[in-house]
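The structure under discussion appears below in the form of structure tokens.
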Amino acid sequence: SLIQFEKMIKKMTGKEPVVSYAFYGCYCGSGGQGKPKDATDRCCFVHDCCYEKVTGCDPKWDDYTYSWKDGDIVCGGDDPCKKEICECDRAAAICFRDNLNTYNDRKYWAFGAKNCPQEESEPC
């Protein structure tokens with residue numbers, strides 16, 4: 001679920017997820033189009049694509065099982081669909097952490113769709 005994803009992001013990056021990522025670049029937050037603007041925005045693009053591949057459950061609302069082991073996220077549970085959601089969220093949270101050095105909220109926060117032309121969109 002989005003709430004679990006927020007917790008993963010907070011723990012991995014130390015940032016407040018909604019403030020830091022919900023309005024970043026062309027793909028972080030709701031929707032997405034255009035070309036990802038930097039590595040963090042690409043994390044969101046890949047996460048959106050990952051969610052598109054999930055079938056049989058709702059990535060935004062269905063809770064899944066996960067735990068922390070040695071600073072890493074471990075997805076668990078018996079439901080393969082929910083585990084898939086968890087793996088999408090896990091990969092994005094790690095991606096955000098690994099790209100903190102190029103995160104640029106001054107440049108890409110509240111970027112707006114007008115700066116993300118539909119014709120520049122990439123396939124998943």
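Each residue, glycine too, has its Cβ placed from N, Cα and C.
When you check Swiss-Prot, the disulphide partner of Cys95 from the set Cys26, Cys28, Cys43 turns out to be Cys43. Swiss-Prot lists Tyr27, Gly29, Gly31 as binding Ca(2+), and of Asp48, Asp58 the one it places in that same site is Asp48.
Of the cysteines Cys50, Cys57, Cys88, only one is given by Swiss-Prot as the disulfide partner of Cys81: Cys57. Note: the Ca(2+) site is recorded as Tyr27, Gly29, Gly31, Asp48; in the same chain, Cys26, Cys28, Ser30, Gly32, Cys44, Phe45 also have Cβ atoms within 8 Å of that site's Cβ centroid. The DSSP secondary structure for Cys50 (disulfide bond) is helix. Nearest to His47 (active site) in space, judged by Cα atoms and limited to the recorded positions Tyr27, Gly31, Cys116, is Tyr27. Around Gly31 (Ca(2+) binding site), taking its Cβ as the centre, 9 other Cβ atoms fall within 10 Å, counting all chains. The distance from the Cα of Gly31 (Ca(2+) binding site) to the Cα of Cys88 (disulfide bond) comes to 16 Å.
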